[in-house]
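Input: a single structure, listed below in structure tokens.
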Amino acid sequence: WLFSTNHKDIGTLYFIFGAWSGMVGMSLSMLIRAELNQPGSLIGDDQIYNVIVTAHAFVMIFFMVMPILIGGFGNWLVPLMLGAPDMAFPRMNNMSFWFLPPSLSLLLASSLVESGAGTGWTLYPPLASGIAHAGASVDLAIFSLHLAGVSSILGAVNFISTIINMKPINMSPERIPLFVWSVGITALLLLLSLPVLAGAITMLLTDRNLNTSFFDPAGGGDPILYQHLFWFFGHPEVYILILPGFGMISHIICHESGKKEAFGNLGMIFAMLAIGLLGFVVWAHHMFTVGMDVDTRAYFTSATMIIAVPTGIKIFSWLATMYGSQLTYSAPCLWALGFVFLFTVGGLTGVVLANSSIDIVLHDTYYVVAHFHYVLSMGAVFAIMAGFIQWYPLFTGLSLNPKWLKIQFSIMFLGVNLTFFPQHFLGLAGMPRRYSDYPDAYTAWNVISSIGSMISFVAVLMFIFIMWESMSSNRQVLFPTQTSNSIEWFQNIPPAEHSYAELPTISY
């Protein structure tokens, strides 16, 4: 296990690591909602509150969503869907995983020394500078990010090599499964954006420790430069988080609809490519309040709205794939339908925020929090749940209890919506982000939001119980539920240690 070069074992390690980190991240979010449940202070001052918020973001993004979607599902499914015997660089694959536990350890250490890194996950100077955050906390967080970044870059190189070099000779680009496409595009985005983040946080590190002035106006630097560099990474990053989810949802909807391919398969591929490309030219929409020229704001507003077009193509293609089919309303199907609906809601609030003039008012309010939690907590997480339930029988050879899964879906659906829908109202009413206290006019919606978070917590506990029950009762799977449109279901269930002794013949 520790030194395994098998893509299945490494994928399983990623799943276990992601689940553990997810529990840490969820605990942090419960602390946030407990603090905000009533006006007045519960935990302490805003420094400790901001440390919790910062750690919650980092843990959920870098140690939960990315390891599960890219590391877990990517490692497990890409070689199986390509008919490849393993990844292109199996030992580097192992190293990619083992960079993550030290990275997480450094991040958790940053919260425990001095007074913690209370900067928000963006690490903006001058708040993250040596003066405002003296001590080792921010430095530890920066090293943690470096390690996570190296891990992701190595993984990205590995996936790109695998997808280009290890597919069957007659698998033309439009025949490559959509999930493999999505992971390939994700890997490309990682490869192009992470070095910029590494440069930005390295400059921040030297500003803090080696007396440089990249972001210090007193020495001729500019803190806005940091924001440009960070968001040039930060915006592609949010597409990195959702693209593998897009690929998985495409497969699940095809599978559940009994169709042989998605509606507009080529259009789906080009939509993902367009999203990946456009993701790099919209970064300053995170900075509408820093005083950019009006023509710059106009460009970033327009470019951001253009991203809604390929995203809309994907959503309507999913709907068209389901059209006319007899849906079974199985658990993966429910998660996929929930994904399509809630991701659309999150996308619509994104179009609202894309308007630079409106964003001046809504920037740094709970409206933004509601927007990105709809696309992450109900986009990425719903995709993870859908994919996990869909492929769990393939990975383990065991079956989950379908009735309990539907009940668990209902509880989770209620919980996340109750948590994040009221935050739109809080944002429109002007409640700012990253404060541990608020005027009592905001109490009602915050109470509802906190109740929703507790319901979600119960739903997650129930899911852990469903998995435990499945493994302890050991119900073997006899055959897949439906004839499938992708080749991973032709494996034994669970697959053999080495799936392909020779390259399979793919005939269409």
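Just so it is clear, glycine is given a Cβ too, placed from its N, Cα and C backbone atoms.
When the topology recorded in Swiss-Prot is consulted, W1 and A354 turn out to be separated by the membrane. Cu cation binding, as stated in Swiss-Prot, involves H285, H286; the candidate among H235, H251, H255 given for that site is H235. Within 10 Å of the Cβ of H285 (Cu cation binding site) there are 23 other Cβ atoms, across all protein chains. Each of W231, G234, V282, W283, A284, M287, F300, T304 belongs to the same chain as H235, H285, H286, is absent from that list, and has a C-beta within 8 angstroms of the C-beta centroid marking the Cu cation site. Across the fold, the C-alpha of H371 (heme a3 binding site) and the C-alpha of H235 (Cu cation binding site) stand 14 Å from each other.
Contacts between the transmembrane segment (366-395) and the transmembrane segment (294-322): absent, as fewer than 3 C-beta pairs lie under 8 angstroms at sequence separation of six or more. When the binding-site residues G40, Y239, H285, H286 are ranked by how far their Cα is from the Cα of D364 (Mg(2+) binding site), H286 comes first.
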